[in-house]
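The domain 'G-protein coupled receptors family 1 profile' annotation in TrEMBL covers 47-296. Annotation source TrEMBL lists transmembrane segment at 31-56, 68-92, 104-125, 146-170, 200-227, 247-267, 279-298.
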Amino acid sequence: METSAPIPVVNRTSVLEFLLLGVTDKRGLQLLLFGVLLVTYTLTLLGNLLIVALTLTDRRLHTPMYFFLRHFSLLEVGFTSTVSPQMLAHLLSASGAISRHRCFAQMILYFTLGAVETLLLAVMSTDRFLAICRPLHYPALMTPRVCSSLVLACWAASLLALPGLFVWMLSLPFCGPRVLNHFFCDSSPLLELVCADTRLLQLVAFLVAVCTLLIATLITALSYGFIISTILHLPAAGARSKAFSTCSSHILVVTMSYGSCIIMYLNPTQTGRLDLNKGIAFFNTTVSPLLNPFIYCLRNRLVHSVCRDLLLRGRELSSKIFRA
């Protein structure tokens, strides 16, 4: 009587380290990209931390809009710092090795901060809606306590929706190969390395992404629909121009953020589009956080005035020090 061959038992601890392929394997391009990314990351930190400092120190910026912008800038610092320092180290050393625990920690931080950002952008849209469409009720509605509660609600929603997926994914067996076709530990390339059926996990993750992005996009679209309708009915051309100028920067940031997330993650099958996702993720984690401070502040006269006053105070202080 024939006996069937024994089914091999999967070693769930066989992969303790992953190897990130990165953006390129050409050494010259790696060094060039290291220099560009180092400048980009430094400017990103300086730009976003400048917004945080200005909104904390100057009373003219103690409004709900700048309160949310400060938290958004802090999230951008955390979001890009989740990926950029590790990518810089890998580009400089030409080694893409990353431990399993560090890889999972990076993935958790990336998705948690990204989800909070997505929801916070919807809150910022609602704030602009109330400021433009309900100006008389705005001060009573958007009190400091309400603003803080809305930020906490963004964090609470993300921390309630995501940990279950993280635990589920971390419990899966990774039995090789250990090569990740990415420059950081995104979920899509990680799922390629799982030696088990991940279709249910991918479906649940897709539904969570759909709910998060659908709610955020719907709130943002409705808010700006009412805003545009209100602006078009303003009698003065100057008032319309000022209102559009205030909202245009936020619309641009929302379009970049939501658009990249929809392309990358609103797909029931997370695997199979790694090259496209890698390119969009590079923009989302390195370029977009750099652009956001310029987008929000470039045409903002109040921020310009605060910066000028800060420079004048710094110049006066330095002249006093040198005179002494």
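Cβ coordinates are placed from backbone N, Cα and C, and glycine is handled just like the others.
Where the annotation comes from TrEMBL, it is an automatic prediction and has not been curated.
Predicted, not measured: the structure shown is a model, and the values here were computed from it.
As a quick check, the transmembrane segment (31-56) and the transmembrane segment (146-170) miss the bar of 3 or more Cβ pairs under 8 A, pairs 6 or more apart, so the two do not touch. Counting same-chain residues at least six beyond the ends of the transmembrane segment (247-267), those with a Cβ under 8 angstroms from any Cβ of the stretch are 114, 117-118, 121, 124-125, 128, 132, 188, 205-206, 209-210, 213, 216-217, 220, 224, 227, 231, 273, 276-277, 280-281, 283-284, 288, 291-292, 295-296, 298-300. Long-range contacts of the transmembrane segment (104-125) within its own chain (CB-CB distance under 8 A, at least 6 residues past either end) are made by residues 65, 68-69, 71-72, 75-76, 78-79, 82-83, 86, 98, 150-151, 153-155, 157-159, 161-162, 166, 170, 184-187, 190, 212-213, 215-217, 219-220, 223-224, 250, 253-254, 257-258, 261, 285. Counting same-chain residues at least six beyond the ends of the transmembrane segment (279-298), those with a Cβ under 8 angstroms from any Cβ of the stretch are 23, 37, 40-41, 43-44, 47-48, 50-51, 69, 72-73, 76-77, 79-80, 82-84, 110, 182-184, 186, 249-250, 252-253, 256-257, 260-261, 263-264, 304.
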